[in-house]
Each structure stands twice: as structure tokens, then as C-alpha cells.
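Under the heading compositional bias 'Acidic residues', TrEMBL lists 19-29. For 610-630, the entry in TrEMBL reads compositional bias 'Basic and acidic residues'. According to TrEMBL, the domain 'C2H2-type' annotation covers 640-668. Among the features that TrEMBL reports, region 'Disordered' is placed at 1-43, 586-630.
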Amino acid sequence: MHGAKGSNDTPLRQSLYEDPLDDTDEDLSDVPSDYGGSKQTKKLKLRARDRWQRYCAAKASEPAADPQWFDAEEALQGASAKDLHRFWNWVLGKLERGKGGRKLKGTKKTSSLKSDWKYFQGYYRKVTGNGISEKMSEDVRRGMRSLADKHGLDNQPRENIPVYIEDMVPFNQTILRTREKRFHLGLQRLLLCFYNMLGLFTVNRESAILNLRYKDLLLSVQRDPHGGPPVPTVDFRPEFIKRNLGMGKLNTFVLPEIIFDVSLVFSPHVFLFGFLFHAEAFENSSLRSMEDVRKLVPADGCQELPLPLKQEMDNWYIFCKVDVQDGQVRILRDTPMSAGTLDSQLKSMSEIHGFHNTFFSHQFRYGGGKLLDESGFVSDSQKNVIMNHATNRTFIAYYRTRRHTGLQEVMCGLEPNEVFSRALTRMSRWIDRRRPRYLTDAERASVEKDPELQATIRIREDLIDLYTRTRDAALVPLLQERQREVSNTRRRLRDQLMHKLRREFSRKQAVIDIERQLSGFGSALDDEGAREVLRTEFEMPPAQIHLLEKLLTWPTSDSLEDEWRRRNEAVEAVRRYCGFLEGGPLRGRPKRAIPPDGPPSADIPSQKKTRQEGRPSPPLEEKKCPAVEGHRARSTLDPLACFQCGKRYTQHVGVIRHFRTAHLKDRRCTPCDLALLREMDLRKHAAVVHGVSTRPHSIR
């Protein structure tokens, strides 16, 4: 009994705290060397490794190859400066295909070559355990300068043309007005406008804005120190992802509502409160409109009254993804909009608005950084904190605009014209809505005659002949690959021609306008082509008209109550339009009237010419599908009708998009009367038997 009692006293005799044992299985070797880096950085590092491995495989395939090339890491450990010089020459001059056999754009800038060299050094350090020696690095850089001249690389950085609020207000108006670009849901159109506001007002990076979640917001009603009415305020705290630079501290951007601001189409509070009311995001269920917010007042002795959001919505994204699932448009609030989707939307809207070059998100930082630098209210250290720069050198190297105006006035002792200077340097200087967006039939026909496209078509046709004679199933994947090559080549050549036409438009149109004005036929504003562009508008639905009526209004009096009413109605219009179904993106070019006496279009795809000549199309499997066989008798190798429901499209890509959104959940092929257990089986059957090739996770 005494022994048992003594054992019970043991915990009482121990110290209050003893150091715990190290019994964990934590191991530093389990932590990846690139842990904490961005996805893009990891992607570029993998690209450096893959290129070296492909180069080693190419060297190993040579006759009497050195045995070291059979192992990429062993070859890198024994590589000399001469070997690396030959590697970079191979990358710049001979490497034409990338992942999946896609044709690479190629390296065009010396800055891109320097970036590739930086990531390659990281791969070298990871394999060898040591960095490249100073002597070897100096030799390689000398060779790279020679290669840059040899391959005609551009040594000038991309133009850092800024955008200001004078550019963005009309741009947002175009986004809200145009019907040339349609979305699945009105929310998508409004989010694009809201992104432009946050980009301009917070000068944040694209990734930081797109990853904003409800938990990154703090909404409140603030007491006005000057004795005015309470002010609705929003605090944004976007997460900056470059933690490797030691700048993990987050900035908070506080945006109080500005009454009588520039325009309601560029008021972040109007849009954000509309989004939140549409999502029913407020903790107080009785808070349903902006009128309710106006009634709130901070308690006595308090500066603010918080407007809490529902905690279960903390991980919802403000810039959420909108997708079509089972034929229904759905808002995926727990999934962010991808950067690719945003960039594509900005590109389309840039062309509609008439910008010379495609607008990209970093231009917010060019314009905002310039204003911060010249404002006189922000120090260099504060500017670096706002823009997440370690030192001021980054701003000078990349963000300081290189277009200088006002020098003549300064040298003459005159006052610089700041308004005119901004007009000369901002993006809207080169705006012209007449700039072409689509190729004409003649221009598309000229692409069909391109030798590169004709060569790819010839190879495909020869392969079709071989399959027709032999019916060898091993040729089916090659047939599909060659067909993709033809489609990709045609699309790439069309894009190149379109880019060339847009680049040369200003100069050619200027010659036409000058000639017209000097010959007495009126000014450039009287140009019929310009009027046609301006009046060519698609019919606007009533919901969009109502939205514009509320957002494009101007103050009619100095009364604060009238201004509140105007802003409240705009918030309600945004809330209502969030759920409006626009009908989905428009496909293809706008329809054009055919001249009555004009010849038929010369833009006849090669596949149609082949069909007209009576050349048979090869079946892609021995098993025949009645629907496909009947369709191929009157169609191209790429079907223009859905094999499941028969819905027809003018282009094969329309069939693919329709099949992805409407039929991926099907588990039976209707014309073949064939049951399919999995989505993967349906995709394979659709590609091999029906010629409708889709890829997983490609819906945006």
C-alpha cells in the first residue's frame, strides 16, 4: 500500500514544466528546395531542367556520343563553359517545340535570356551542390551576348506605358456598354470593372487582387472628424505572394467612400456593396440595401461601427469563377478566377475599346507608381512599402516611365503643361476604335496560301491516303496529331497577320485621313468607316440598359441626400445585374453583308476543297458509327454538329465548347447506343470515333 501511495505522489513531486522529448519525425530533407516559391517560379525552374534534359538526349543520339550525355545530371556536373554556350545556341536557334509538341514562340528579348540563365543557375546549383564559378559564369555571359546578336534579340525592355483614371473611366464605360463581348453572367462583366478600380487604387499585382477573399475585407461606417455624416469605408488587405524576398508583411488599403467622385462606373463602393448584397454576405440579415447602411451611426465615443460578414463565407473569393456545369451557369465562390481568364477578357475589351496594344495589369503600377513618385505626399520608403519593393532601385529600373515631356518648357523657363504631358504619355494617346479586330475573307484566304500551312496540310493529306490504303490503327494518333498541327498552324498564322494589321493600322489610316482632309472631302471624323464602327452595336437587353442608366448618371444638385439616393440606386442596379444571364460568349466573327456583285469567298479551308474533289475521309476506327459516317459524307474531318444532340455550329471549336458544357456528364453515346462508365471513356470515345477532342480541366 505504501509503494502504491508513493507512486501516486510521483507527479506531485515533479517540476511544473519539463522540456519535452524530441520524438518528432521532422526532417529537413523532406522540405523541397523551392518551398515557399511562387508557382510561376517553380514552372520556370522546371523548364530549365527539361530543356537541359532534352539537349542531353539530343547529344546522346549523335553518332559516337560521349557517354556523359546519357545522364543529364552527370553531364551537367561535368559541363564546361563551351558546353553551356552550345546549349544556349541550341535553345535560341534550334529548339522549336515545347510541351505536347506545341510550337514555341521563341526568345525575343535579351531580358528573357537573362531570366532563363538565372533559373538555369538555380538548377545547376541544385544538381552540383555549388554555384557556377565566377570565371565560368563570365565566359557564359560573354557567349550569351554574342548569341543575342547572332539571333537578333531585342535588348530594349517592354514599354512601360502608364494608365491613369482618365484612361480607365472610359474603358469601364466600354466594358459596361459593349455587346461585342458577352459573358455567361452579368457578375463577370461587373467584376472586370471592379478589378480595374482595385488595380488603379491599390497598385497591386494581378495575383494579389485575384486572390482577395471575404476575410481580407473589413467594412465599417466611420465617424467623420469634420462633423459630417458617417462614411462607409472598406479596408482591403491583399496577400503579396513573393515571400522569398523577405517582404511577407501585408499592406492594408483603406478606401473611404468619396461623395461626388469622378464617376459611378469607377466607384469601388458602388460595385463592392452590390456584390455583397447579391451574395447576402452580411451577418445582419436585416442589412439588405445601401439605404440601410446610410442609417447606421457609430456609438458614442467610438470611431467606427464594423459591418461584419458571415464567417462561413471567409474563404469565398471576391473575383470568383463562373462556370457552366450540366448546362447551368454557376458561381463557384470558393474558386478564384484564373489569371488567364482575366487576361483574355482584358485583351478582348482592349481591342473593342480601340487600344493600340493589349492592356495588361502591370500598367496600373506604372501609372500609380509615377503619381506616387511625383505627388510630394509619399516618401520613397512609403512608396516602396506600398509597391512591395525592397529598394528604390526596382522602381527606377522597371517602373519609372521612359517617355519624357515638358523638357522644352523647362529649358525655356516656362511652366510645364502637366495635363498635356499626361495626354502625351498615357495609353489612350493611341486609341482608335476603327482598328480592325477580325480578318477579312481575303486576308483569311491569303493565310490558306501560306507555304508553312500548305506544307502541314500536304503531310496530313498524305497520312490520310496511307491510312485509307492500310487501315493501320497505329496511324490514328498520328492523324489526330497532324490535324491539330494544321489547326494550330492556321490559327497561329492568322494571329500573326492580325497582329501585323493592327500594328500597321495607325500609319496607313493616317495617310488616308490626311489625304481626305487635304482634298476637301471632310475631316477624319466624317469617315464612313469610323461612323460604321461607332454605330455598329448589338441590341442591348433591358437589364443592361437599366444598369447603364443608374451608373452613367451625373449629380443633379448639391444636395447630399440626392447624391446618396443616386449612389444607392446604382448599388441596387449592380446587385440586380449580378444575376443577369447574358447568354454566354459570342463565337466567331460578326456576320457581314455579302456584296451583291462580289465573287464568292476565297476563304475555303483545305478540308472543304478536298471534300469537293471527292476525296474520301478516312474513318478513325474499324468500328463504324452510323451518325459519324452519315455526317462525314457531307462534312469535314472536324464535325460541325454535335453527335449527341445534333446542334450545329459554323466552326468545329463551337462543337467542342458545346460538348464540354452540355454533355460531359452523359454516360451513353446516343447514336452508337454505347454505355460509357466514366467521363474519361466518354472523352476518348468522342475523340476517336466522333472527332470531338476535349481535354480535362480546360473549361474556363
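Cβ coordinates are placed from backbone N, Cα and C, and glycine is handled just like the others.
Unlike curated records, TrEMBL annotations are generated automatically.
What you are looking at is a predicted structure, and each value in this text was computed from that prediction instead of being measured.
For the domain 'C2H2-type' (640-668), the model gives a mean pLDDT of 85. Per DSSP, the domain 'C2H2-type' (640-668) is made up of 11 helix, 3 strand, 15 coil. Counting residues of the compositional bias 'Acidic residues' (19-29) by DSSP class, helix then strand then coil, yields 2 helix, 0 strand, 9 coil.
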